[in-house]
Amino acid sequence: MSIFPRISLKPEVTEHLKGVFLNKEVLDAVGHQEAERRFHKLLTCLSHPPSYTCVRASTHLASLEEIRLKLGEELKKQMCGSSAEEVSLQILPHPRIPDVLLLPVDGPRPVKQLSSEVVVGAQCGNAVLRGAHVFAPGIVASPKYMKAGDVVSVFSDLEGKCTRGATSFQGKRVFVGNGVAEMGRSSIFCTDEPAKGIGVRMIEPLYQSPSFDGVLPNLVFLQNLPSVVAGHVLGPRPGERILDMCAAPGGKTCHIAAVMGDQGEVVALDRIRNKIDRIRQNAQMLHLRSIRAYCFNSTQAVSSDPAHVTEGPPFPPESFDRVLLDAPCSGLGQRPNMASTWSLKEICSYQPLQRKLFHAAVRLLKKGGVLVYSTCTVTLAENEEQVAWALDTFPCLTLQPQEPHIGAEGMLGAGLSPEQLRLLQRFSPELIWDQTETTAPLPCRADRDTIGFFIAKFLKN
């Protein structure tokens, strides 16, 4: 059900995306009316959360059924300790992906708005819609005399125009639910150090889904379904040496190590030091000893000196059996995302970086090795056009079938053949946006009601 306005974008970005989704190949295939309908559906569904929560289970530590039962027990404790109305708790295994559990989201729910209002940033508001509480750094406005224990309505500031510390805000905003203040106003805005911890505990969210804060941290990991699919498409095997080029926050790195039974080596690279520290912490918590994480720029990960042999980067050419390039991108597939302040120039700036990373990935991959390229965006330039460019630039690469393949095929517009498009996997929630409110089983809906995402699998000949 559509209850939020379409994602708020700069006019130049909206026009650019419209040109992408109404390109000549698409118009020739489905007609102008259907192409425009899909485009407007995309803008609407991006501002709403998916109808389920996806959890990746640490099946290298326990069976899926054992984890499912433990998770059920933990979440029932959470529900008993909450004043939220009772909701039925369903935890279902995915029928095709052996380490995924699905939990339905209840929403939108009939929640009455209150007179006492707290305003949060758009990113914080998006997190609330997926089950999070409001953490203090996300609060930008609160009532003048708000104290701990007050019941408040929470609103998300769509355009980032609310002044931090304001007592009210009448700009463009949306209601995301009601909660109880855990801190008074002075503890949030009038301290020498930035406030930490939960600022508002949500008791009546518009979309009801469990909070996973501190819940079985070594057994369950919140991860979007397409991201889990990408790890399985890579197909890691025990004993292999695998590179995760843009590893933060580390979910895919740990997934790869778990799928290969922690036998072999998974090298994780990222440019930001604290993100590498987080990957190492996660690996330790999950008892994964095969992960080696380095703070390094992946575009420079190929050694120019053939005699250069060290444990860490840069690496000699053809050092890895498989490479995952989950590329930095414009992120225009994330859900929910009610507003983006990015300019068209910023959105288009990712393509050159993605190509630099591609050059390094192909050089580092062994002959006969597998390269998986993925993004969490919906643009043609960062997805199918990159595939067309890669096939033209690297004659050694050929597209390969993907398993599992639960998304749609690639999008028309980049000059790829029908056979090539069928080998690609594009998660396109707009294709089924008004069909998700049915009695269809949750796993069937979950495969389609996802974030926008793209996966391509190559073999180096």
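Note that Cβ sites are derived from N, Cα and C of the backbone, with glycine treated the same way.
For C376, the entry in TrEMBL reads active site, nucleophile. The annotation S-adenosyl-L-methionine binding site is assigned in TrEMBL to C246, A247, A248, P249, G250, G251, K252, D270, D326. According to TrEMBL, the domain 'SAM-dependent MTase RsmB/NOP-type' annotation covers 145-461.
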Open item on the list: Give me the CA-CA distance between C246 (S-adenosyl-L-methionine binding site) and the residue listed as 'active site, nucleophile', in Å, as a whole number.
Closed with: 13
- [ ] By Cβ count within 10 Å, point out the most packed of the recorded positions listed: C246, C376.
- [x] C376
Open item on the list: Can you give me the residues near the recorded S-adenosyl-L-methionine site, meaning same chain, not C246, A247, A248, P249, G250, G251, K252, D270, D326 themselves, Cβ no more than 8 Å from the center of the site's Cβ atoms?
Closed with: D244, T253, A268, K275, I279
Task: Under 8 Å by Cβ from K252 (S-adenosyl-L-methionine binding site), counting only residues of that chain that are 6 or more apart - done: S227, A230, G231, D244, L324, D326
- [ ] Would you measure the largest Cα separation among C246, A247, A248, P249, G250, G251, K252, D270, D326 for the S-adenosyl-L-methionine site and round it to whole Å?
- [x] 13
Task: Neighbourhood of G250 (S-adenosyl-L-methionine binding site) by C-beta distance under 8 A, where only residues 6 or more apart in the same chain count - done: A268, K275, R278, I279, N282, A283, A293
Task: Neighbour count (Cβ, 10 Å) for A248 (S-adenosyl-L-methionine binding site) - done: 21
